Amino acid sequence: MNDKKLKCILGEDVLVLLQAQIEVEYNASVQYLAMASWADAQKYMYAASFLYKQSEEERHHMLKIMHYVNNAGGHALAPKTTTGILDTFSSLKEVFLQALQNEMHTTKAIHTLVDYCLVHKSFATFGFLQWFVTEQIEEEATARRNLDLFDLIPQEGIGLYEIDKAIGFAANGKSV
C-alpha cells in the first residue's frame, strides 16, 4: 500500500477540489479587501468596516478548509497570488453588486464540491462542508440586503451616508 494512502483519509480527487475551494475563498477575501480599501478611500467608513470584516471572514473560511485538509493527513497549499481582482469602482452600489456576485460564485463552488462528495461517497468531507452550505445562505442574504438598500433609500443628498451607515450597523447586528 502506498504511504500517501496511509497518511490521508481524503481521496486525491477530493483534495484537488478542496484546494480549488481554498483558492475561491482566498480570492473572495482579496476581493473584499480591495472593495474595503476603495470604500475607505471614498470615506464610506461604515461600508469599509463591513467589507474589511468580510475579507477577514473569507480568510477564516479559507483557513478552516486548510486545517481540515491538513488534519485529514493531506497538505493544503497556500493559495497562489491572485489576478483579476477589481479595485476601482464607479459607485458604492457597484461594490455591493460585486459582493453579491462574489457570494453567488462561492455558493456555486461549494455546491459543486458538496455534490461531488455526496456522489463519490466522501462522507467526512460532505459533513464538513455542511457548515459552508449554511454559511453561504447567510452570506448571500446579507449581500442582497445590502444591495436592496440602494433601491430603498434615495441616493441624493445624505442618502449615500444613510446607506453607508445602515450597512455598518447591520454588520454589527444593530438597526439604524
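Each position is counted from 1, following the chain as shown.
Just so you know, glycine gets a Cβ as well, placed from its N, Cα and C.
Remember, it's a predicted structure, so these values are computed and weren't measured experimentally.
Taken from TrEMBL, the feature Fe cation binding site applies to GLU25, GLU58, HIS61, GLU103, GLN136. Around the Cβ of GLU25 (Fe cation binding site), 24 further Cβ atoms fall within 10 Å across all displayed protein chains.
Per TrEMBL, the feature domain 'Ferritin-like diiron' maps to 8-154.
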### Task
Sort out for me which one of GLU58, GLU103 has the most neighbouring CB atoms within 10 A, since those are the binding-site residues we care about.
GLU58
### Query
Mean pLDDT for the domain 'Ferritin-like diiron' (8-154), as a whole number?
95
#### Entry: Residue, out of the binding-site residues HIS61, GLN136, whose Cβ gathers the largest set of other Cβ atoms within 10 Å
HIS61
### Helix, strand and coil counts within the domain 'Ferritin-like diiron' (8-154) (DSSP)
115 helix, 0 strand, 32 coil
